[in-house]
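S.K.: Reproduced below are the annotations present in TrEMBL:
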REGION    1-30  region 'Disordered'
TRANSMEM  46-64  transmembrane segment
DOMAIN    79-392  domain 'Membrane transport protein MMPL'
TRANSMEM  232-255  transmembrane segment
TRANSMEM  261-283  transmembrane segment
TRANSMEM  310-331  transmembrane segment
TRANSMEM  337-362  transmembrane segment
TRANSMEM  393-415  transmembrane segment
DOMAIN    477-719  domain 'Membrane transport protein MMPL'
TRANSMEM  543-565  transmembrane segment
TRANSMEM  570-590  transmembrane segment
TRANSMEM  610-630  transmembrane segment
TRANSMEM  662-684  transmembrane segment
TRANSMEM  696-717  transmembrane segment
REGION    735-765  region 'Disordered'
COMPBIAS  744-765  compositional bias 'Low complexity'
Amino acid sequence: MAVPPQHPPQAAASGGGPPSSGGRDAPRRLRRGSWGMVVQRHAGKLLIGCLLAAVAAAVFGAQVSDRLSSGGYRYSHPDTQHAVDVLADDFHIAARANLILTVHDPQGMRTGAAASAGRALAQRVREHPGVTMAADPWSLPQATYLFTAEGRTALVVVQLAGDDRTASATARTIAGHAVATPGLAVDAGGSALVGDELIRGAQSGLERAELFAIPLTFLALALAFRSVPAALLPLTVGATAIALTLAVLRLLAAVTPVTVFALNITTSLGFGLAVDYSLFLLARYRSERMAGQPLTTALDTAVRTAGRTVVYSGMAVAASLVALLVFPVYALSSMAYAALSVITAAALSALVIIPAVIVLLGPRGDRLLLPRRPATGGDLWGRLARSVTSRPWLWALPLVTILCALAAPFAHVAFATADHRLLPETSPARQATQHAQDIFDSRQVDPIWLLMPHATTRDPALAAYTNTIRHTPGVAQATLLPSPPGSAASVVRVVPAHPSDSAQATDTLARLRALPAPAKVLYAGGTADRADTMNALAAKVPWAVGILIGATFVLLFLFTGSLLLPIKALIMAALGLTVSFGVLVVVFQQGHFDHLLGGFTAPGYLEPSLVIMIVCLCFGLATDYEMFLLSRIREEYLKTGDTRSATITGTRQTAGIITSPAVVLTTVLLSLAASPLLMLKIVGIGTAVSVLIDAFIIRPLLVPALLALLGQANWWAPAWMRRLHQHIGLDEHAHPPALPTPATPSAACTTARSTSNAAAKNPIP
């Protein structure tokens, strides 16, 4: 038998407008220990302390970009790194070259003055601090592949020491001297210079984001609030969160490598979440004031309800981004640290600055924070919600069909590790690297190295092993190099039949790994590095997915007490993400619509680390929006026990709160998409599409349709889960009204269908 819903006593209201500034705004005793009471007593100190901390953090973190790196997208297996070191020390082989110099003379580079100048250049490079190894065709007569066929161009291959940031700085210095060599035309490329240009491009993208995003964000907020002072508050929260995060990044950069793209993530998330959290708090406060509540009551209610949702929403977004920490590449882990820092800073800043300003302004602040005319957006969303919940199948089926069609191209995705093609075509490093690949045989320049640390060429089994390698499919050449004096190691140089960065070369490497060998074999070279990275990322994907699903499910269950609502949220988040990746495949892999983004040459693949980052980021934002929506729906459901009316009310009151921050966040993300760097374009477009789909289609339309279809089953959970939620649930309200007698989802869904049919016949006015 159903238990009638518990109706909490409603606060008295007198009229639809804000109260006057008379005696009814006298201070009201807040609940002991509540955050509202703390802010009421210490508003000035809290606000000044927060702003001073932000200023100090901004000063401390102002030069953080000088300490950041462009790399971190490749994983170096310990065995591969050991092979690279032995090859450099014992065999003088640059198995991980990150700087290349193409040296050209129209008269030829093999002999004469040009050859002497080239040899001298290579020697100067070899003696430069930070250079581990430099190979050139003049000191290695057998390296004829370092000359072009006609002999007019030579290649100097350099391996630099240190981390990515150090290598980029060394490469920049060497390139500056090399290109000025008199009598020779020298171009410099390679991954170290590509990384150097990525750093400058990321900084340029950040400046562009600040230049365009801040005024556009202010405009969007002013339109949303219809109040300039109210629009300034979220910007203040965002600036505070970003300043605090920059200080954290500088501290992190002192102990671990941090990618420069963490700055772009910090700016985007900082403004996006600051607007999100500030708008949710302000909207609830304004709603209570417009309902006639005294200032202290309205503030306490806003902090107690919306503030609670902000905390749990921040936890949900943070839990999603924690999944980045399982991957063994520092680009993802450092972006996770940046995101976790800015999420925490945005939530704390919003919970301090917004209530403190409200308290300090007092009743006179209503003229600044409350709109001069009533909002109309809620009426539009309310009408849509009534239509959707009256005919849920009519809305759900077309929407799901359209989203699945947009997601379909993702089935053709191709992944590859980052390279020079992520730079704009005008980039000198990209042009030099691509030119070297065009005129030299990459299979010869970057072969597969098989190192046996404890087997010398005197071992007769090595000759048979080398012969087996020669007859392996995909192998063009295999040469057993003589062991140098005093070395206990041997090396087989394998030239694949396909370019070293191709999928076919990776398959060849896999066949070589499967061959029985007379001793332990370590693999090195560009093909091995790329395979190590892809394998390392793929091995951690199940763990990351488990964290995403597990953390989201647990938080939403603790938040709602339902079994089905977390499952529904996971499906909706996955659907929105897949649509985003479908768009990325069409635009950045297949190259369609590139003219709309400033023109670029599609690399033909998606970089897996970027995809992983977008997944975690967008999954967290989707959960953020879901919590905002469900918190209001659940609050109404606890009052009425009617799922449909709660869905309509909750959607009407939160749709604008979700879409306005989504527009602001999209503005910031699209400013990243205007960058010439493909990496920033991919992150900006991928995240923006996911945010827009989620905020304008999934949350206000598809989710209400599904809630209407499920009806009372939305709140169903097994008895043991209900008991668990009673003890540890994140809910300060009374528990929801008891459901009718059906105790299983199928029975509850039967009730839901009858409720939906009745709603269609008798829609709520």
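Note that Cβ sites are derived from N, Cα and C of the backbone, with glycine treated the same way.
TrEMBL does not curate its annotations; it predicts them automatically.
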S.K.: Does the transmembrane segment (232-255) reach the transmembrane segment (337-362) with at least 3 CB pairs under 8 A, where each pair is 6 or more residues apart?
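M.R.: Touching, yes - the transmembrane segment (232-255) and the transmembrane segment (337-362) meet the threshold of 3 or more Cβ pairs under 8 Å.
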S.K.: For the transmembrane segment (610-630), which recorded stretch in the set 46-64, 261-283, 310-331, 543-565, 570-590 gives the largest number of Cβ pairs separated by under 8 Å?
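M.R.: Between the stretches 46-64, 261-283, 310-331, 543-565, 570-590, 310-331 has the largest tally.
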S.K.: Need a quick answer: max count of Cβ pairs under 8 Å to the transmembrane segment (261-283), which of 310-331, 393-415, 696-717 is it?
M.R.: 310-331
S.K.: Looking only at the domain 'Membrane transport protein MMPL' (79-392), what is the model's average confidence as pLDDT?
M.R.: 86
S.K.: Between the stretches 337-362, 543-565, 570-590, 696-717, which wins on the count of C-beta pairs under 8 angstroms to the transmembrane segment (46-64)?
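M.R.: Checked against 337-362, 543-565, 570-590, 696-717; highest Cβ contact count belongs to 337-362.
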S.K.: Counting only CB pairs under 8 A, let me know which of 337-362, 543-565, 570-590 has the most with the transmembrane segment (696-717).
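M.R.: Result: 543-565.
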